[in-house]
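What follows is a single structure, written as structure tokens, with notes after it.
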Amino acid sequence: MDVKAAPNGVATIEDRILRITGYYGYYPGYSSQKSTSRSSVTRCKPGANCPSSHSGISRQLSPLSVTEDSSAPILELQNRGSSGVCGHRVERQNRSDNGTQTHSENSSQENRIKTRCLSCTSMVLKAIWGLLIILSVSSSWVGTTQIVKITYKNFYCPFFMTWFSTNWNIMFFPVYYSGHLATAQEKQSPMKKFRECSRIFGEDGLTLKLFLKRTAPFSILWTLTNYLYLLALKKLTATDVSALFCCNKAFVFLLSWIVLKDRFMGVRIVAAIMAITGIVMMAYADNFHADSIIGVAFAVGSASTSALYKVLFKMFLGSANFGEAAHFVSTLGFFNLIFISFTPVILYFTKVEHWSSFAALPWGCLCGMAGLWLAFNILVNVGVVLTYPILISIGTVLSVPGNAAVDLLKQEVIFNVVRLAATIIICIGFLLMLLPEEWDEITLRFINSLKEKKSEEHVDDVTDPSVHLRGRSRANGTVSIPLA
């Protein structure tokens, strides 16, 4: 069969189809050469000597071979075939690169989502723990104050009650170590953990010299704080004493500013002034009655010694973790048991604080008061680990309305305008003390973010009618451009 070339240079319809479809092995004359090779193969009889047939077959099977007759078409076939194969390889490599890039982007996005979920979960857990800690702190403080008031009806020995409740601090470290055994993966022996936590006193740990030097002043301040608080509860109501005790935050700021050279903050000066104003108004609420003035003095003295305790602790011992705090409080309990036990004995024999027999003591109220006091101290230190420290202070200030509710139910207090205003002013001053040092920058950033949101909403409101106008005009067949 002879193949006639068409005027446009394409031999047959097959060549035209191969050229249109873009077959990568195509070259001009491919179909004619293919047909010629087929004809040469079919014309050769079996058993005959056909040397040309082998060459034709070899040309067909080996597109990279070069002959004298078709050297140019075969070179073109080689270039096109290799470029086509390379193009397919590059395309596959690009697809694989895009696949790996997409997979990495998806994995990074999944990691971001997981980290966000974990952070949100931790924040929710901290908030839940914070709510529980707030309720527990305020409830334990209210319970301690009210049990003291109940105990005073049959038994009034404030220093013995202070000494008895302080001795319970010895159990702080055993409670901490029990929690360590229950939660820690690598458990330590009691002596090893005790030595580790005793580093709060220095690199050498707790020595006899440091025990007397560091523990004695803090133990005295601890005893004075609790003793003056119990004395104030004899003269004033639980609401007034708890409100006045909240002034210790203002005293801590003033002492830190003077002694520790902390940063000066105007808002905290305002809070301190509000606390002092509330103290004066609290004394004025009972027309400066003698018992009222003495009770206010005892409560303010308790708040002052508490502030001095905190400032000195920060000065000499710095910050402490939960284990070190438990060790230190237990050490205070040991010091109280060893060196301050003679004071209740002296008061007993001098009949300043006297009772008929030990069987006549209200052991239930005493143990309840000491247990709640210990629980309050443990919760304050645990709360710093589990949640935000500011929530502990909020739990303390919530004891004021808690005591007020109990006093109203017991009908032991009548709130006049002056007493109510003094309580509110002291609580507001306490809350102002909780503001962070960079509160002004945080407030400005929050206001700027609100302004940006409002401006974005305004821009969206302006653009929405224009989009609606465009949609209507396009539906009617015209396009209107809104004026700026």
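Keep in mind that glycine also has a Cβ here, set from the backbone N, Cα and C atoms.
Residues or ranges marked as region 'Disordered' by TrEMBL: 32-64, 79-108. Residues or ranges marked as compositional bias 'Polar residues' by TrEMBL: 50-64, 96-108. Positions annotated as transmembrane segment by TrEMBL: 123-143, 155-177, 211-229, 241-260, 266-285, 292-313, 325-349, 361-380, 386-406, 413-435. What TrEMBL records for 129-283 is domain 'EamA'.
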Suppose I define contact as three or more CB-CB distances under 8 A, residues 6 or more apart in sequence; do the transmembrane segment (292-313) and the transmembrane segment (241-260) meet it? yes
Counting only residues 6+ away from its ends, which parts of the chain sit with a Cβ under 8 Å from the transmembrane segment (325-349)? 157, 159-160, 163, 166-176, 194, 197-198, 200, 206, 211, 215-216, 218-219, 222-223, 317, 355, 377, 381
Between the transmembrane segment (241-260) and the transmembrane segment (155-177), are there three or more C-beta pairs closer than 8 Å, counting only pairs 6 or more apart along the chain? no
Looking at 123-143, 155-177, 266-285, 361-380, which one has the highest count of Cβ pairs under 8 angstroms to the transmembrane segment (386-406)? 123-143
Other parts of the chain folded back onto the transmembrane segment (155-177), taken as Cβ under 8 Å at six or more residues beyond its ends: 148, 190, 193-194, 197, 222-223, 226-227, 230-231, 234, 322-323, 326-327, 329-330, 332-334, 336-337, 340-341, 343-344, 347-348, 353-355, 361-362, 365-366, 369-371, 373-374, 377-378
